[in-house]
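This report concerns only the one structure given below.
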Amino acid sequence: MSEGPKGLAIAAPASGSGKTTLTLGLLRALTRRGLRVQPFKNGPDYIDPAFHAAAAGRASFNLDGWAMDRPQLHALAGQAAGADLVIFEGAMGLYDGPADPGRSGRGTSAEIARMFGWPVVLVLDVKGQGQSAAATALGFARHPEAPPLAGVILNHVASPRHEAMIRAEMDRLGLRVLGALPRRSDLSLPERHLGLVQAEEQAGLEATLEALADFVAAHVDLEALLSVAGAGPAPGAGAWAVPPAGRIALARDAAFSFVYPHMLEAWRRAGVTVLPFSPLADQAPDPSADLVWLPGGYPELHAGRIAAATRFKAGLRAFAETRSVHGECGGYMVLGARLVDAEGRAHAMAGLLGLVTSYEKRRLHLGYRSADLLAPLPGYGAGSRLYGHEFHYSTILEQPDAPLAKVCDAAGAPVAETGSVRGHVTGSFFHLIAG
């Protein structure tokens, strides 16, 4: 049986342990050595894959065991063909995921690592502890669902004495230390309410990536790291999503940037013509398109400019008279009547739906979603079940149109954010991952 690509899973006991910092440093450091490194990210995160791509020079893809079936996961893993190494960054803690399983499991980083045979490098934030860090690592290694543990990398090490103390206990317990990162507050990446500030907004990103690569190369044994990479069987037969149209006008700018790389790759493979346009530059969608797609992003940060984008809104309305328009999360809000910003100012949106949303009183909406369509959505008929993710802080003030879907959380409980449909226009707060 042929092997899949060799790889490593970068995981941790919890969020905030330093996975992304280490991953970006590794991607750039190994790429500088001439290796072709294929990055992946566990779960539905939009932002980390864009940083991965900047660091590695090739697209990073989400591997989501809750929302994706195995053929889709295998198709995406096949993107590593020709690479020398896979670096798979986990999400949250190694075993964290919804309590109720989805399509291929609970969406944990451990499940994906086991599926593709990638040993785990466990990142441990050792600030405020000593030998107890080894007990944490040992517990993770002995978990009944544990993938092979290749070793650990210590983060936020206070001093050489601190490092030596922890290394000695790791050695005693038979755990391999692959590196120790000292405290460096100047290498953190800025954050926004949905996570890191996006890669394209990061001033001096190249310099940051180079600094991270230097830092990781100085404190991680890269040769030892490469020696413990592993692989399982080659990915099985894959399946790519069928695109919703042949010519898609796609909004792409600072307000509309949350597009999953796997969706764009599926469109590319099917020969779709993508026609990008910028609402912030007051550009109307290409009238030759079959479909307009408004992805999510940060429209609340640009609400005034969107409200003033008369050519964009007029072109969108004209398009919607005869052809399909769909919006996700931020795109859904822009299709609505009004968006109220954090200061209480109301901004007129496209008015193709009656939706009114507000950021004046922020409320977190977060989690996986399944959606049983009550009306057709581009590419899917009524009755189809879709899988996605919701993450925003807006509040619905009015949602008067017919519901697009019956939407439930990962536990199967209905949620109020049903989406909307009016004529050729559809929208939802959940970001579609797979159907």
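Sequential numbering from 1, following the chain as shown.
Including glycine, each Cβ sits where the backbone N, Cα and C put it.
If you check Swiss-Prot, you get these features:
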DOMAIN    247-435  domain 'GATase cobBQ-type'
ACT_SITE  CYS329  active site, nucleophile
SITE      HIS431  site 'Increases nucleophilicity of active site Cys'
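For HIS431 (site 'Increases nucleophilicity of active site Cys'), the count of additional Cβ atoms within 10 Å of its Cβ stands at 24 [all protein chains shown]. Secondary structure from DSSP puts the residue listed as 'active site, nucleophile' in coil. Computed over the domain 'GATase cobBQ-type' (247-435), the whole-number mean pLDDT of the model equals 98.
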